[in-house]
Amino acid sequence: MKHIRNFSIIAHIDHGKSTLSDRLIQTCGGLSSREMQAQVLDSMDLERERGITIKAQSVTLNYQAQDGNTYQLNFIDTPGHVDFSYEVSRSLAACEGALLVVDAGQGVEAQTLANCYTAMEMELEVVPVLNKIDLPAAEPERVAEEIEDIVGIDAIDAVRCSAKTGLGVDLVLEEIVARIPAPVGDPDAPLQALIIDSWFDSYLGVVSLVRIKNGSLKKNDKIKVMSTGQVWGVDRIGIFTPKQVDTQGLGCGEVGWVVCGIKDIHGAPVGDTLTQAKNGAEKALAGFKKVKPQVYAGLFPISSDDYESFRDALDKLSLNDASLFFEPESSTALGFGFRCGFLGMLHMEIIQERLEREYDLDLITTAPTVVYEIELNDGSTIHIDSPSAMPPVNNIKEMREPIAECNILLPQEYMGNVITLCIEKRGVQTNMVYHGNQVALTYEIPMAEVVLDFFDRLKSTSRGYASLDYGFKRFETSEMVRLDIMINGERVDALAIITHKENAQYRGRQVVEKMRELIPRQMFDIAIQASIGNQIIARSTVKALRKDVTAKCYGGDVSRKKKLLNKQKEGKKRMKSLGRVDVPQEAFLAILHVGKD
């Protein structure tokens, strides 16, 4: 056991985690040079296309150290995006140490900090690594000082390497062996294995990634899932050397995968403990804290026949992605679908793309909302996550919206722009600290403003240099209203949005204008209105197409023309009272992007 090292790699987006893991795999000979490709661990097409890591991946490598011993390194590559921080905390729970990778050109960024603090709270050994030192813009000395100044860990002797060229990677491996402690555990105690991740394989059933804390696990053992009490036999067991390799068993302190023939998707929840069926462990390991979704949106299949397969797809996806929440919902405009909860807008986009690709579905999304707390006149408190669930205005005593605490790290020269942006988003500054050339700003901004497009706007005002980390702080009383969109006097429930009273007029006008462009012209006028309660705050009209009925008259009496025009008028009137307007697909999507341009 003393030759095992478990660690994860944490870093900000694009600081080179996945490339460094490629080099580690190559140096330790995990894959032959023929099988090697860039970002081996980003196994989803989506990850490769966007160049981001979404799922944490684990690998077991054997490394011959300079002291002559062979060490077993189990490492987990983690995502850097703020929406996927729960993946990071899960990975860290299975480790004794973490490599903190910092780009020697960019320096410390907000996500580096957030993930690093998570690691320190879990009492892991944090080993700083300065990456990308082959770049002309690299300033390892300045960045090392920055790490000491902002993060507060000793970084004078931080390893300098370039994951791209492979320079200094052997030093990184030596540091891992020297500084990260070996796992602690009792090989003879009853089995306790923590499920770090699970996914569904259509041939094998549920495959779980586990970290053995105490005891050991062998093929054909009978094991019990502690939360459900169900007993399963271990069919296959093994490790990833990125490829799935079968072994006879896993010892104490090791990380590997287990297949028990579980067909039920909720049979092995993430964060659960496995133990032996006979003489098992008394109590389960401390799992992970459940993450609460921050953004809710309705997802509806375009054709109602897809509803069943859509539900299966969500079931399978939620096994792999523990933070996805969903419940059935129906809408008069869109039929049956699900209300889904996500951690942020990126998470929502990724889930939607995964559903469309991996499960071949066509979906419509409604405008995302956050969770509001409402105190009613009778003194009870409710939480709502969709505009249609909002009670009538006269029953509401007060409405509270969620406030997020945002930590923003940025170079000084962009400070003006970023502060202006935060004020525009109704933010309140609570702290500001200078670290050399960097400024750390802390703002309290309403969650609804943060999740919508704050991240994109922040990146564009600071030319990509500012970085953001946010978390839910509290609920605060605020004047929120429900903005309804009416088409020819009928409310379209899927287009309703909850917004702040100050922005309501502006949002209403924007949505109405956007709708006017997108709804095709009919033979009669279509009135598009935005209303709050019974008060109309914006209106625009899609003008009717009309046929020139008098074209066939030439000269002659004017009463003939009048007769034809009046006949047309009658027809239009009847059409208007009977006509129905179909809202096209683009109109629902346009709501998501209102106010971006």
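If you go along the chain as it appears here, the first residue is 1 and each next one adds 1.
Note that Cβ sites are derived from N, Cα and C of the backbone, with glycine treated the same way.
Annotation source Swiss-Prot lists GTP binding site at Asp14, His15, Gly16, Lys17, Ser18, Thr19, Asn131, Lys132, Ile133, Asp134, citing sequence analysis. Within its own chain, Gly16 (GTP binding site) has Val101, Asp103, Asn131, Lys132, Ala163, Lys164 as residues 6 or more apart in sequence whose C-beta sits under 8 angstroms from its own. In this structure, Gly16 (GTP binding site) belongs to neither helix nor strand by DSSP; it is coil.
For the domain 'tr-type G' (2-184), the predicted model reports an average pLDDT of 75. The feature domain 'tr-type G' is assigned by Swiss-Prot to 2-184.
When Cβ neighbours within 10 Å are tallied across all protein chains shown, the highest count among the binding-site residues Asp14, Ser18, Asn131, Ile133 belongs to Asn131. Secondary structure from DSSP puts Asn131 (GTP binding site) in a beta strand. The GTP-binding residues named in the record, Asp14, His15, Gly16, Lys17, Ser18, Thr19, Asn131, Lys132, Ile133, Asp134, extend over a maximum Cα to Cα distance of 17 Å.
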